[in-house]
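Below you'll find the structure, written out as structure tokens, and then a few comments.
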Amino acid sequence: MDGPDLTFSALVAARLLLAYAPLPEALKHDHQLSSPLTSYSRLREGIYLFEHGIDPYSGGSFRHSPLLLSLFSTVLPLTPYTSPLLWTAADAVAAWALVRIWRLRTGAKTTSRDGQVAAMYLLNPYIFLPSLALSSSSIESALALLALMFACRGRASASLLTLACLWHLSLPSLLLLAPILLLLITRPVSRLALPQPLGADLKRTLPLLAEFSAYSMLLTFASTLVCGNWDWVEKTWGASLTLPDLTPNPGLWWYFFTEMFDHFRPFFLMVFSVHLLIYIVPICVKFQHDFLYAAFVLIGVLALFKPYPTLSDPGLFISMFSLFPEIYPYLRHPIVTALIHLHASLLLPLFNSLWLRQGTGNANFFYASTLVFGVGNGAALLDAIWAGLRIAIGKVEDGYEVVQE
């Protein structure tokens, strides 16, 4: 076993030991680590109802995909012993996919940075804390990286099927469809320093889009067979569009709609939902020379504007920075961004506890910390976009400077 493989094995073993450590049960109910769409306790409740012949979607608490319902009620039953193993395995697969993407991007079978790339994922607190809370957002992150990895390898069917599964678990992940389709007809190698117009024929994406649609319809039909009705659509996909559960989370939506007058609610729901879609075309056009980087930026957009985010969403975005070391010298404010994230990571649990546990604060306390967290995520996203564009200019001679108008 060579060095990178040994490092990866050691990291996975450490994560597995941590998963079985006696941790507070409160982690599974922490609003920062799991949302109404990813909560482990709600998943267990839905499985219990399903196994006893009760439709789990007849109430208002279960909002997981029928795919998870059928998987964990038959093939992989959830117990106190198997759940930590399954979630650690999901993180291990995600880290392995991230390392594979890095190797495919560099064109090497193995590199000296493989261990660092894996560590950026497995040791990221934004990643392993939701995993310890058994949030299904960890599974979504693994599926996103697997879809990108298969796309980088040119395996269209595997990539599109994985993306279809991810879409069924998380509706906003549909933003990744365009960059993945375009990545399948190009190569994942770095072209940020030498941008060129897209030379591939866009018509080649049409059969790929049809294949993705076929997989999606197949999974939709299978989900309907599992549930016996179409109620799951409103409770799962509909939740991302109508925001019926205003449980606090690290995102920007919940407090805004808590204070919203009912007659304004449909309009702003439409605005917030459509707002996510406007980034797809500009980002794919601007980074048409590197669609892996376009997917990376869109993952950052999801981390910032997702309706029901957890810490896993910005964690995935931050971990993917390890794939693009060429942009490091061109980041404008990395220290400031890191300090904002550190500040937010201290404020979020503190104000959450003051409000919901000790009762000495109110919702404004926690929402103020989520705004700081949003500023940190936005700063990281803007830094990534700036560095991805700035690298093409290269070193600036004395007497000149690059300005942004």
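Just so it is clear, glycine is given a Cβ too, placed from its N, Cα and C backbone atoms.
Where the annotation comes from TrEMBL, it is an automatic prediction and has not been curated.
Feature annotations, reproduced from TrEMBL:
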TRANSMEM  85-102  transmembrane segment
TRANSMEM  123-148  transmembrane segment
TRANSMEM  160-185  transmembrane segment
TRANSMEM  206-226  transmembrane segment
TRANSMEM  264-284  transmembrane segment
TRANSMEM  291-308  transmembrane segment
TRANSMEM  338-355  transmembrane segment
TRANSMEM  367-389  transmembrane segment
Outside the transmembrane segment (291-308), six or more residues from its ends: residues with CB under 8 Å to it: 35-38, 101, 105, 144, 148, 152, 172-173, 175-176, 179-180, 182-183, 186, 188, 192, 239-241, 243, 245, 249, 251-253, 272-273, 275-276, 279-280, 283-284, 314, 316-317, 320, 323-324, 374, 377-378, 380-381, 384-385, 388
Intrachain neighbours beyond the transmembrane segment (160-185), with Cβ under 8 angstroms and 6 or more residues off its ends: 37, 64-68, 136, 139-140, 143-144, 146-148, 150-152, 154, 198, 200-202, 204-205, 208-209, 211-212, 215-216, 219-220, 223, 236-237, 240-241, 276-277, 279-281, 283-284, 288, 291-292, 294-295, 298-299, 301-302, 306-307
Tertiary contacts of the transmembrane segment (264-284), as residues 6+ beyond its ends and Cβ separation under 8 Å: 172, 175, 178-179, 182, 240-243, 253, 256-257, 291, 294, 297-298, 301-302, 305, 307
Same-chain residues near the transmembrane segment (123-148), Cβ under 8 Å, at least 6 residues beyond its ends: 11, 15, 18-19, 23, 27-28, 30, 33-35, 37-40, 43, 64, 68, 83-84, 87-88, 90-91, 93-94, 97-98, 101, 159-160, 162-163, 165-166, 169-170, 173, 176, 180, 183, 292, 295, 299, 310-316, 318-319, 345
Beyond the flanks of the transmembrane segment (367-389) by at least 6 residues, Cβ under 8 Å: 192, 248-252, 255, 286-287, 290, 293, 296-297, 300-301, 303-304, 314, 317-318, 321, 324, 327-328, 330-334, 336-337, 340-341, 343-345, 347-348, 350-352, 404
Same-chain residues near the transmembrane segment (85-102), Cβ under 8 Å, at least 6 residues beyond its ends: 4, 8, 11-12, 15-16, 19, 76, 78, 111, 113-114, 117-118, 120-122, 127-128, 131-132, 134, 138-139, 141-142, 145-146, 148-149, 152-153, 188, 292, 319-320, 322-323
